[in-house]
Structure formats: C-alpha cells, structure tokens
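Here's what TrEMBL has on this protein:
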type    : residues                       : note
BINDING : HIS74, HIS172                  : substrate binding site
BINDING : ASP93, ASP104, GLU286          : divalent metal cation 1 binding site
BINDING : ASP104, HIS164, GLU198, GLU286 : divalent metal cation 2 binding site
DOMAIN  : 17-206                         : domain 'Peptidase M24'
Amino acid sequence: MSKSEINEINTDDVLDKYRAAGKVHQQIMKEARDKIKVGMNVYEYARFIDERILELADGSAFPVNISFNEAAAHDTPLLNDTRVFGEDVVKVDVGVHVDGYIADGAMTIDLSGKHGDLVKASEEALKAAIDTVKAGVTTQQIGAAVEDTITGLGFNPVRNLMGHGLAQYTAHAEPSVPNIRHSGFGAELRVGDTIAIEPFATDGEGFVDNGSIKEIYSQVKLKPTRVPFVRKVLEQINAYNGLPFAKRWLVSDKLDLALIQLERDGIITSYPVLIEVSGGLVSQAEHSVIVTEDGCEVTTRG
C-alpha cells in the first residue's frame, strides 16, 4: 500500500498533483450542484458523480457522502437505492485523487429553501478558518475561528467532527483540525502542508454518534484469507490502495457475509452514518488547502 509519510514536506511535484486533483474537484462540484434536484434518485446522483470522477481523475478518494438533514456524514447510497431528494438539507462531500494525492471538499445544498442561515454558518466558518491559515498558525487557532464564527451566527459547531491532514492514499492524515477551540496547543502548520478544513454547523446540541447504517469501508490490514468467496471480495478491495470504498462498488453474491468476515478479521473497518444526537439539522462546508508562508492556496476553490 503506497503511502507518503505524514510529516514529510511535500515537494513541488507532489503539490502539483494536489493542484491537479483540486481542479478536477472544482469541476465535479460545479456539476454536482447543477445536477441535484428535488425528486431525483439518490443512487443515480451518486453514480453520476462516481462516473465523472473516473473520467476526470485517477479515482475517488472516498465514496461521495450524500448526507441528509440530521445525518452529518458517511451516508452514501446502496446499490439501486430507492431514496429521492425531497426538501432536505443535503451535504455533498466529494474526494478525488491524482496518483493518490487528494482533493477533499464539501457543500451543503438546502433544497427546502428554508435553512439558508444554517448553510451560511458553515460557509462563513470555513472562510474565517481559511483566512487564519498560514505557516506558524496552530490547528487550535483554526478551531477557534470556526467556533467563534458559528456561535456568532446563532448555531453550534459539531464538536466531535474535525478536519484533517491529507497524504498520498490517506484521506484522513495528521494533523486533526478541530472545529472548536480547545486547551491544547495543536499542531503548528508548515509551508507545504496539505489539510482539509471542514466546519459543521447545527441547530442541535453539536455532537454526532454512530447510526445503524454503514455503507462505507476501508482496508486497514494486509492479511490473506482462505475462504474463496471472501478472497474474491478482498481482491476487489485491494484495488483501492487503502482508500475508503462503497459497498455498492463490490460484486459478490455473498457480499454481506464477506464484509462481515473481513471486518471480524480486522482486515477492514466500517464507517457508520453519523447522526446529530438531538436530531438537529447539520450543514457542512469544506475545502482543501496548501499552507504557504503568509496564507494558503485553496485547491478546491474555483
């Protein structure tokens, strides 16, 4: 499994690959925003995004998250999902990669037209966080900017969701980027660091917990299996180089059994849908950035 060292300083060639992934991401998000409509099937929407990523980049960095209302993250359609978009608050979180170097970004689309203030809270928090970023700034300072902006607009940040570093074939690397101020110092950013900043705002309590649905997995251990039908599924999983994958991307007449066995053996892990504990609506905004001496370059912003 090819992975870069988390603490390695990115070279110019590597940064160019992050920029290339960012250009693709910008195009995908524009098309995704234009495509979504009330009444559209969720699976067809995800399939459109999946196909466009394969056309324009080397692959998905993770399955597109299409999370409704109180679901904050990790919701992705199952194969032939019958759900359709209604008047929902929809988070669309997309990751693409070029040679394993990732662009990760998200937007919230309010199909009801009633929750613009909530959408604005996460968007404004993201702007404030980006304005904070430069070499020498700590992740704690970014979290403070996010929290102050969201609470100043009358909402709560989701306290147990964070942004993160980016590395080759590693969608969630160090450092963690909090959405609140905290007592710790936090990691100090350096020129060339690549991070994803993703504020979540809610009109609820500001915490998420695991729901019962899980459609996203990733491989966490290289280990053989002797069971033939499980081995065939694992061969498909190996192609993702450790990046998260959707259950709908795999083919097997015993898929559920294979995934249960692989998770039991510690070869894969699952990512349940994350639900705001009080049932509050959640909005999300996210961009990927390259840290510079006096600011940052936002790779996912057109």
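Cβ coordinates come from backbone N, Cα and C, glycine included.
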**Message:** Sequence gap of 6 or more, Cβ distance under 8 Å: name the residues on the same chain that satisfy this around ASP104 (divalent metal cation 1 binding site), in order along the sequence.
**Reply:** HIS25, ALA61, PHE62, ASP93, VAL94, GLY95, LEU166, ALA171, ALA196, GLU198, GLU286, SER288, THR300
**Message:** Rounded to a whole angstrom, what is the C-alpha distance between HIS164 (divalent metal cation 2 binding site) and HIS172 (substrate binding site)?
**Reply:** 6
**Prompt:** If you skip the near sequence neighbours and keep only those at least six away, which residues in the chain come within under 8 angstroms of HIS172 (substrate binding site), Cβ to Cβ?
**Reply:** HIS164, GLY165
**Fill in**
The mean pLDDT across the domain 'Peptidase M24' (17-206) is 98
**Prompt:** Using an 8 Å cut-off from the Cβ centroid of ASP93, ASP104, GLU286, can you name the remaining same-chain residues around the divalent metal cation 1 site, in sequence order?
**Reply:** ASN65, VAL94, GLY95, GLY105, ALA106, ALA196, GLU198, GLN284, HIS287, SER288
**Item:** Among HIS74, HIS164, the most crowded of the binding-site residues [Cβ within 10 Å]
**Value:** HIS74
**Item:** Local Cβ density at ASP93 (divalent metal cation 1 binding site) - other Cβ atoms counted within 10 Å
**Value:** 24
**GLU198 (divalent metal cation 2 binding site), number of other Cβ atoms within 10 Å** = 28
**Prompt:** Is GLU198 (divalent metal cation 2 binding site) helix, strand or coil when read with DSSP?
**Reply:** coil
**Request:** Taking the recorded divalent metal cation 2 site as ASP104, HIS164, GLU198, GLU286, identify the other residues of that chain whose CB atom sits within 8 Å of the mean position of the site's CB atoms, giving them in sequence order.
**Result:** ASP93, GLY105, ALA106, GLY163, VAL177, ALA196, ILE197, HIS287, SER288
**Neighbouring C-beta atoms (10 Å sphere around the C-beta of GLU286 (divalent metal cation 1 binding site))** = 22
**Where HIS74 (substrate binding site) falls in three-state DSSP terms** = coil
